[in-house]
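These notes concern the structure reproduced below.
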Amino acid sequence: MIDLKQLRENPQAFGDRLRRRGGDFDLDRILELDAQQRQLEQQRSQLQARSNEIGALVGKKIKSGIAPTDPEIQALKAEANALKQKLSDLEPQERQLKEELESLLLTIPNPPSETTPIGRDETDNVEVRRWGEEYKPTYPCQPHWDIGTRLGLWDVERSVKVAQSRFVTLLGLGAALERALIQFMLDSHRERGYVEVLPPLLVNTASLTGTGQLPKFAEESFRCADDDLWLIPTAEVPVTNLYRDEILAADQLPIYHCAYTPCFRREAGSYGKDTRGLIRLHQFNKVELVKFVHPETSAAEHEALVADAEFILQALKLPYRVIELCTGDLGFAAMKCYDLEVWLPAAGCYREISSCSNFGDFQARRAKIRFKGAKHKGTQFVHTLNGSGLAVGRTMAAILENYQQPDGTVRVPEVLQPYLKCSHIGGAKS
């Protein structure tokens, strides 16, 4: 959620920064509702103060020996009753204003950071760096969906029978490779200081609202018909909300968590895109990295988060590039974001495999995650960050394509061989 105080104090500058995303946002209506709400709060405060004053005055007069039936006492009590009615009459007005204001605030995205490149869409994103040499074999290069089918790593047709399209059942070494990747990613992140979490796969509406998926992306999520529960689109949601409505001690920060979960997305707007393979599924596995940090270290923690995701790609020796998203391509809740894109030789292009976002205090305001330190009076909102470390299915796709051999086998990356107990998939060595 945006900082309403910032908008109130400098609406022009705030609006200019927000409009770098593109689109039109009704900030004037928010300011109007905010002013009305503050006016009602002031009115309530004045009425309550007078009510308290009358209560004290009546008590003092009765204590001095004046009878409760005295006309002066009766007049004060009548005024007190009138004030009580006025306070009661304010409640529905305040409630309606609060609901409308909060509803509007939930639709406003996070303003981009000052260092985010300005642009309209993904064509204006900025390449930051590349790692590794693009694999371009001299022999015919198969796409991962053909490799996986040929080697018996999954069964798509039966998955459609069991569920529908965009689901896959992994088999044999396909299932083993997926499991090996998950374990390797978790082991690596734990060694780098992350505390592993195994969270619920179903969350309530408040959790999805806290991280920014609701109300904007309700159509992208799977919802249980009879309960206030949703299947998670990413582990970011349950892990971030572990600390919802909490005040942390400053010395608890930073908090680093890693989590493996299946993720579920309807992909409502992707009809006809990536219909084959592991790139775009309704259910997929992902290892997520989530950080809760002090605002002063937020930018440095973001760069470190990107490095942690890059570590997995480098350990697997998969070529990739780092892209900084422009203002027009930022996710709803992010103020700054880097995408890691892995090289897929069959397609001859890079595809996103991790998105590492700094949300500033945007999610923390929605989820009410604060901290209290000795140097500051009151509480402050933490900064939250998260990134994929990595999307497991897309990592498998990249391995199958980048490690395919002329004899039709797939060489297993060295770091995964202890997990799989083999050096190749397919052929005599598997």
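Glycine is no exception: its Cβ is also placed from the backbone N, Cα and C atoms.
According to Swiss-Prot, T234, A235, E236, S388 bind L-serine; the candidate from E178, E288, E341 that the record adds to this site is E288.
Sequence-distant neighbours of S388 (L-serine binding site) (same chain, 6+ residues apart, CB-CB distance under 8 A): K286, V287, E288, L289, A309, I353, S354, S355, C356. Same-chain residues at least 6 positions away in sequence with a Cβ under 8 Å from that of T234 (L-serine binding site) are, in sequence order, T261, C263, K286, E288, N386. For the pair R265 (ATP binding site) and A235 (L-serine binding site), the C-alpha distance works out to 12 angstrom.
Of all the Cβ atoms in the protein chains shown, 13 others lie within 10 Å of the Cβ of E267 (ATP binding site).
Taken over all pairs of the listed L-serine-binding residues (T234, A235, E236, E288, S388), the Cα spread reaches a maximum of 9 Å, rounded to the nearest whole number. E236 (L-serine binding site) and R266 (ATP binding site) are 17 Å apart (CA-CA, integer value).
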